[in-house]
Amino acid sequence: MIEGISFASFVTHEKPKFVRALDFYKALGFLPTKEYKHGTDHHATDEEGAGSIQEVWLTSSRAGVPSVTVKLRLSRHGNEHVSLPNLKHDWRSLVPSLVYYAPDLDAVRAAITPFLHEDHSTLLERPSHTNFIELYAIDPMGNLVGFSRRENPYSSAMQKPFSADDIGPQNFSKPNETKIKGKKRIGVMTSGGDAPGMCAAVRAVVRAGIARGCEVYAVREGYEGLVKGGDLIEPLSWEDVRGWLSLGGTLIGTARCKEFREREGRLAGALNMVKNGIDALIVIGGDGSLTGADLFREEWPSLIEELVTNGSITAEQAERHRHLDICGMVGSIDNDMATTDVTIGAYSSLDRICELVDFIDATAQSHSRAFVVEVMGRHCGWLALMAGTATGADYIFIPEAAPDATQWAEKMTRVVKRHRSQGKRKTVVIVAEGAIDSDLNPITAKMVKDVLDGIGLDTRISTLGHVQRGGPPVAADRVLASLQGVEAIDAILSLTPETPSPMIALNENKITRKPLVESVALTKKVADAIGNKDFAEAMRLRNPEFVEQLQGFLLTNSADKDRPQEPAKDPLRVAIVCTGAPAGGMNAAIRSAVLYGLARGHQMFAIHNGWSGLVKNGDDAVRELTWLEVEPLCQKGGCEIGTNRSLPECDLGMIAYHFQRQRFDGLIVIGGFEAFRALNQLDDARHAYPALRIPMVGIPATISNNVPGTDYSLGADTCLNSLVQYCDVLKTSASATRLRLFVVEVQGGNSGYIATVAGLITGAYVVYTPESGINLRLLQHDISYLKDTFAHQADVNRTGKLLLRNERSSNVFTTDVITGIINEEAKGSFDARTAIPGHVQQGGHPSPTDRVRAQRFAIKAVQFIEEHHGSKNNADHCVILGVRGSKFKYTSVSHLYAHKTEHGARRPKHSYWHAIGDIANMLVGRKAPPLPETLNDEIEKNIAKEQGIIDPC
C-alpha cells in the first residue's frame, strides 16, 4: 500500500508503546523482515543498535518501487519526543516528520484510526478533512508520520497538475484523469472577432499541453491559416508564449474565412492537419467559429477518405488520423454564448465601457448634458445591461427586453424627467447596437438623441466601437482564460470517437464542459426567439443572473424621493454601517440598498464612521440618506459614510440605546472579517438588549476575501485589477533591464487568496502564502529554480519576473529579507528589487464586476430584512449574505462562527481556491516545492547522525 525511498529508525524505552507501534505499522502493510532481542545467541551488527533491548525491522515494497524500511527499537534510554502543546491547529511543523507516498489515503486513514485518540486530535488532514491530499498522524511512539498522494514529496520533479475542473466551490476533489495515448499534436487557433484574453488562453493551452506531454501547434490567421497551411501552421514552444498573459487581442492572428465554409476549403484544412501530424484542434472564438469546428469534425472521416482516394495522403497516414478531436473555447466580448455564464473577453470589454462612461460623466455633469452611448451586442444585451448597472445609467435598451414600439420614447422621457427633477444634472442612456422595439424596428442612438433633444436636453452621441475590444485583459478574463485553457487540454486528452465535441464553459464558478453543438443551438435560439417577437423566451434562455440583474436595474432605477414605485407592505427604518478597511464596491452597495429601499417606501439611514462613530457622536452619527446624495456613489471608491475597525464591544449598551432611540427595523453591515465579528457580537447580545432583536445581514466587502460563508467579497476584484496593472508595469521595467526579479508584497491578511490568484494572472514565478508559509528549504528550492530560469533566458526578451509574497506569509522571511537572500545567492547572475504596492491595492474606482455584484448583494440584503421583519425566530435573523457559485445564500453567523472559522487566522476553515496555485505553478514551470521543513528538523537530523541513527533522507 505504501511506496517511498526512506529508511527510518524510531526508539522508545516504553514496552507498551513499542508493541502498539509494531501493530500500527503492520496495519499499514509493513511486514517484519528482521528481529533482534538482547540476550539471544544473535550478536548485534553495526547496523543494529548495540544498546537495544529489542529491534524489529519492517519493510513495505512493491515490484519496481524502492522499499521503505522502518526500524523500531526498544532501548533502555529511548528518545524523548517533542510534545505537541496545541493540537487544535496545524502542528505539522512542531516536530520532525517522515512522509510516505500513499495513493489510497482513505485506506491509510481506515488502517490507523484504531490507534488514534478518541477525539482524533492526533490526525491532521490537509487541505481539509473532506478533500485531502496529505494525511499526518502521530504513531504510538510519538513520531509524526505523513502520507501524501504525491509520489515523492521531496523530489524536484513537477507534480501532476490539478485539472481546472477542480476549481470552484464544492468542486475540489480529485484531479480530472486523462488518458494520453502516445504523444499528441494539438492545434490551437483563434477565429472570428478578437477578444481580450485570447492570448492568455493560447498561453495556457500551449503550456498545459507541453506539461501534459503533448506538442502544440499554432494555426495562424484562424481558418484561413488552416486552409492555406505552410508557414501559417507551426509549433509553439514554452518560450514562444512568454509574456502573452497581459496582451490584448491575439498574437496568432484571426480572420473570417469564406473558403472554410465550402467543402473544398475544409478538405484543404484536413490535408494541412495531416501533413503536420495534428489530430486535435482547440478553437477559440464565437458561435460561428465553433459551429465550423464541429462540422469539420463531423466530416473528418469522409475528408480523410477523399484525401486517400485522390492520393494526397497514404493509407498509413489515414490510419493515424482516423479521428479528429475538437474542443471549443468561447472568446467573445458580447457574452452571447448559451450554457456558459461568461465568455473570454466580456469582463475586459465591460471594463473599457465603464471607464469611458465614467469619463463621459465628468463632461456631462459640467455642461448638464445628456449622452447616448452605443455599445456592442447585436443579439445580446449583456454589455449594455451590466454597463448600465455599473455606471448608474438613466436608461438602457437591449434586444432581449424590447420595449413597446409606441411607448418606449414616452417611458424613457418620464424616467429622465423624474431624475432631472430630483436634482440630477446629467443623463446617460446606453443602447446596445442590436436594440429593437416590440415590432423588431431598430432603436438607434440617433433616435434616442432625437427624443432627448425633444425635451430640451443638450444631447451628444458617443459610439464606443472597437475601443471595447482593445487593451489588456482584466484580472477576471485572465483567470477565466488560464483555467479554461488548461481544461481544454484535459478535455482533448480524454475524448473518444464517440464523445461529442465539448465546449469549455463557466457554470456556478466551476469550469465545466458542455456539448458544443447543443450550446451553439441554444445560442441561435435566442436570436430566433427575438426574431419571432418571443421576448419572454429570449429572457428565459439567458442565465438567471442576467434576469435578476435586469430586475435589479429596473427597481433601483425607479426610485423616487417622494413616491415609492413598488411600495412594500410595511415601510421600514433600515440602518447601514461599514466596518473594517475600505473596499471597492462599498459605495455601490450603499447606493443600491438606498435606491431599492426608496423604491419600496423604506427609510434608509447611514451610521457614519462605524461603531465608534455611533458611540461617540450619538444621533449626530445617524443620518437619513437621500436619493440625490447616493445616486452618484456607484463610481466612487472608498467609503463615503466612513469606516474603521471598531467593533460593537466598544459599548454594546450605548449602541443598543441608539438603536432603540432610532427605532431601527433592520441592519446592514458592510465589511470584512470585522463585520463578521461585529454581527456575532450583536447576535450574542440579543438576549440582553431587545433593540438588537432585529434582522441583521452582513455584506462581505474586503480585498482579503476572507469572510466565512462566501466565495467572493466586494473589493477583491478591484484589488486584483489594481495588482494586475501594478505588476504589468513592474514586468515591463524588469524586462527592460533584463535580468531582474521584483519581490512584490501583497495584502490579504492571513488569507492567501489575493496572492494565489494574482500569481496566476500576473505570471509570477513564485508565490508565498500564509497557508503554505516560507522556510529555508523552500526558499533555497525557489532560488535555485529562479537561477536556472534566468540562465536559460539570458538573451531573450520579456524576461522580467515576479515573486509574490503575502504580507503575513512569514514573520521571519520578510520581503526585504527574501530580496537580500536572493541577491546574495544570485551572485550577480540576476538581481532582485522590492516592490510594495501597499494601499494602492484597495483601488480607486471600483471594478465593474464589484459594482454589479454590489447591486445584487444590496438588494438581497434589503429583501432579507423585509422578509424577516416581525418574525419571532431570532435564531436565523443574523446572517452573512454570501455567494456560492453564482447563487446567493444566507448563512447564520452563529453557525459560521462556531463551525466554519479559523479565528486565530481570521479566515474560513475551507476555501475553494487553493488548487489555483498548482495550476499557476504549472503554467510558469515551477517545480513542486518540497514539503515544509523547520530548523528543528535539521537539528534532529544532526543529532541522529551523531548517534548513529539512520534518518530518512
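Just so it is clear, glycine is given a Cβ too, placed from its N, Cα and C backbone atoms.
ATP binding, as stated in Swiss-Prot, involves Arg256, Cys257, Gly286, Asp287, Gly288, Ser289; the candidate among Gly193, Gly197, Gly209, Gly345 given for that site is Gly193. The substrate site in Swiss-Prot is built from Ser332, Ile333, Asp334, Arg369, Met376, Gly377, Arg378, Arg460, His466, Val467, Gln468, Arg469 plus one of Glu305, Glu410, Glu433, Glu498, namely Glu433. Nonlocal intrachain contacts for the region 'Interdomain linker' (559-572), taken as residues 6+ away from its ends with a CB within less than 8 angstroms of a stretch CB, comprise 418, 422, 594-603, 626-628, 665-666, 865-866, 869-870. In this record, substrate is bound by Ser332, Ile333, Asp334, Arg369, Met376, Gly377, Arg378, Glu433, Arg460, His466, Val467, Gln468, Arg469; the longest C-alpha to C-alpha distance in that set is 32 Å.
Of all Cβ atoms in the protein chains displayed, 22 besides its own lie within 10 Å of the Cβ of Cys257 (ATP binding site).
Distance between Cα atoms for Gly193 (ATP binding site) and His839 (beta-D-fructose 2,6-bisphosphate binding site): 37 Å, as a whole number.
Counting residue by residue with DSSP, the region 'Interdomain linker' (559-572) contains 0 helix, 0 strand, 14 coil. Take the mean position of the Cβ atoms of Gly193, Arg256, Cys257, Gly286, Asp287, Gly288, Ser289, the recorded ATP site; other residues of that chain with a Cβ within 8 Å of it are Ser191, Gly192, Gly222, Gly285, Gly292. Residue pair Met376 (substrate binding site) / His839 (beta-D-fructose 2,6-bisphosphate binding site) shows a Cα separation of 35 Å.
Looking at Ser289, Ser332, Ser704, Gln842, the binding-site residues in this record, the fewest other C-beta atoms within 10 angstroms of the C-beta turn up around Gln842. Residues within less than 8 Å, Cβ to Cβ, of Arg256 (ATP binding site) and separated from it by at least 6 positions along the same chain comprise Ser191, Gly192, Gly222. If you average pLDDT over the region 'N-terminal catalytic PFK domain 1' (1-558) in this model, you get 83.
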